[in-house]
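Here the structure is laid out as structure tokens; the discussion comes afterwards.
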Ligand SMILES: C[S@@+](CC[C@H](N)C(=O)[O-])C[C@H]1O[C@@H](n2cnc3c(N)ncnc32)[C@H](O)[C@@H]1O
């Protein structure tokens, strides 16, 4: 069975060299790890609406109705009381027999990645379905790694590099999938294939997110805990959409205080509005956060952006980044080295706005969902050099690994304060099979020395 060993299909040498430049160690372990699926599913529970125990009971009931006696375990971690983990199914991926008599459905690699994390297949992700495939028929599902399968293909797609992902049951036929497909407004939506099992062993529950619970990666939950928002504070979320960390902050604050959520993408900001409907402490602004500081402003400001110096008790800079920590990456969206090189520039610009906006004594958290040293440890070293009023704090709760060594720019003690989520064995909590992520916590000096 074919499975990728690097996320950089077709561009491997070029991009691996670029990542290597900015990642002195561990590339050989890192690349295959990025292609593999995190096998644990995590939900963050909105404890303003439901108790974790009640949510757990609901999850267990769903799992039991789908898997009976074989339902996987649901459990929590002491460090993150608002989170529940769903263990993988007890079947090793290689035990899954491939029945070649079944018809085939081909999906694109992003749809394939979601499927491996427990999603069903939605209509837009289906590239090919063999003709005569009937409703409720079982099909083998493959991802098209080379990206050469033409949308709407009705014959069997012959390709050595398609990846077998699992078996599903058809919910939409070809004529429903491809009818009027040229017209945006009539593009089909909804579940096209309901997955029954996948090679990752992640339960195929689909996304159960609602106002009570959110499907969210573990490091993102840790990130807001590291920020530590308190009721009554004024907090800036510089790059907020789709608002997953924003709502977590609001919950930890008991919905008391103010969270100013900025994002420069009108579409992404619009899309998150329904998620914010149940919270009163969040205000949103479509705004370029690289212009959020009004240098001539007088006194901390509480109006719309730009803001005067010292306006916020805490700031989250969850920066736009290369996203290379996402797993599984069957085929990375990053196709050019110059794209990778572009991120530190915007990250520095955002950091340069965050520092003056933070009040003396305030807390700033910088995070990315990537693994390159340039966007993580090197960005921290630059920040400390450029802004001596900041000091690095211990990014607790610490579940991931320390930062990578960056001699002589960061001392071993400083690296130990950082938090980097990487291949499982390195994380502080064993068997933490999650996405790649980076967190640094700073405090601004109360008075300039
Ligand atoms: C990593 S995502 C944020 C995820 C979000 N914090 C969450 O947890 O749901 C980065 C966001 O930064 C936004 N962004 C990029 N450049 C920006 C800028 N100059 N000002 C404000 N937002 C920006 C993007 O639109 C994107 O929504």
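Going from the start of the chain as shown, residues are counted 1 onward.
In case you wondered, yes, glycine gets a Cβ from its N, Cα and C as well.
The active site, nucleophile annotation in TrEMBL covers 369. Listed in sequence order, 217, 219, 220, 321, 323, 325, 326, 435, 436, 437, 438 are the same-chain residues six or more apart from residue 369 (active site, nucleophile) with CB atoms under 8 A from its CB.
Summarising the annotation, TrEMBL assigns S-adenosyl-L-methionine binding site to 239, 240, 241, 242, 243, 244, 245, 263, 288, 318. Long-range C-beta contacts of residue 239 (S-adenosyl-L-methionine binding site), restricted to its own chain and to partners at least six residues apart, with a cutoff below 8 Å, comprise 262, 263, 289, 317, 318, 319, 320, 350. Under DSSP, residue 239 (S-adenosyl-L-methionine binding site) is assigned to coil, being neither helix nor strand in the three-state scheme.
Sequence annotations record features per position, and here TrEMBL assigns domain 'SAM-dependent MTase RsmB/NOP-type' to 138-445.
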